[in-house]
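Novice: Handing you this structure, nothing more for now.
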Amino acid sequence: MVLETVGRPSSFMESFLRQCGGYAVIDGGLATELERHGADLNDPLWSAKCLINSPHLIRRVHLDYLDAGANIIISASYQATLQGFEAKGISRKEGEALLEKSVKIACEARDIYYDRATKGSWDISGDAPTRQQRPVLVAASVGSYGAYLADGSEYSGIYGDNIGLDTLKDFHRRRVQVLAESGADLIAFETIPNKLEAKAYAELLEEEAVNIPAWFSFSSKDGINVVSGDPIQDCALIADSCEHVVGVGINCTPPRFIRGLIQSIQTVTTKPILVYPNSGETYDASRKEWVPSTGVTDVDFVSYVGKWRDAGASLIGGCCRTTPNTIRAISKTLSRS
């Protein structure tokens with residue numbers, strides 16, 4: 001989807017939100033949906049494993065979310081790193097192709113959705129009929145350095161004294177370059193656990209003159225700081241200062257913390273705020289599984305949506321353990337705004 005981006009980069013998101021009617025719906029959890037369709041993700045590559053052996057399942061999940069009302073679908077590249085692929089015996093060139101493939105699958109799903117949705121749906125109010133299409137963007141996901149480690153450190157943001165700014169920039173650089181040229185509409189830097197990695201992303205976007213916009217999304221476990229303990233305002237300020245960043249927000253965080261985090265972010269930026277919390281369940285990093293029965297139901301989750309919207313969020317979706325049913329309910333709630 002091509003949007004008018006003349007002028008400042010933030011006009012990209014402003015234009016998109018106008019086309020969506022003021023609020024946009026982000027998709028929901030990917031990995032748990034892949035598992036529901038039969039994928040075995042017990043692997044350091046996690047959902048990116050399906051890029052190799054089950055791309056059809058990724059496409060199916062994207063379509064499920066589009067059918068549920070999503071305006072933004074996020075590629076299966078969160079855990080897809082060149083270093084992670086190389087550890088599995090996959091060459092650098094093949095790894096880059098897999099990164100590109102993650103975006104291609106999402107774009108294909110959007111094309112299929114548009115083809116299905118527009119057949120027989122015509123607007124004849126003007127001089128010539130035009131097909132009615134819900135605006136849909138493809139976001140290329142970039143997970144944190146901790147996600148690559150696959151040891152749970154993405155949930156703490158504690159990387160150790162040996163991991164500095166330059167190390168993080170070198171780690172992410174080529175992946176960001178590839179995804180920026182992959183055909184995605186924007187880059188989603190997700191589940192950012194600390195201020196240092198946010199700064200690395202911001203500097204990379206400037207140094208590489210990335211030609212598509214980005215959003216920064218942080219995670220929190222206390223509703224005040226990001227998971228490393230850095231204040232959310234300090235992290236949001238980094239996003240605010242980067243011209244390439246067109247949205248800032250929170251993901252993979254329990255729903256009960258979201259409203260307060262939105263309010264904190266608003267004290268330091270006027271950029272659009274996005275939120276896509278998890279179900280509220282707890283992830284046991286040592287056992288690599290979700291602790292059951294500690295989250296909220298779809299009904300409970302969606303009961304928060306109006307509060308998040310009223311607090312200032314304009315892009316709302318779900319993260320881990322949310323489903324197409326969650327997204328469908330969010331879409332219905334926002335459409336009544």
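Numbering starts at 1 and runs along the chain as displayed.
In case you wondered, yes, glycine gets a Cβ from its N, Cα and C as well.
Residues or ranges marked as domain 'Hcy-binding' in TrEMBL: 12-334. What TrEMBL records for CYS252, CYS319, CYS320 is Zn(2+) binding site.
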Novice: To which of the binding-site residues CYS252, CYS319, CYS320 does the lowest count of other Cβ atoms within 10 Å belong?
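Specialist: CYS320, out of the binding-site residues CYS252, CYS319, CYS320, has the fewest neighbouring Cβ atoms within 10 Å.
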Novice: Name them in sequence order: residues not among CYS252, CYS319, CYS320 whose Cβ is within 8 Å of the mean position of the Cβ atoms defining the Zn(2+) site.
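Specialist: Apart from CYS252, CYS319, CYS320, the close residues are GLY29, THR191, SER219, ASN251, THR253, TYR276, PRO277, ASN278, SER279, GLY318, ARG321, THR322.
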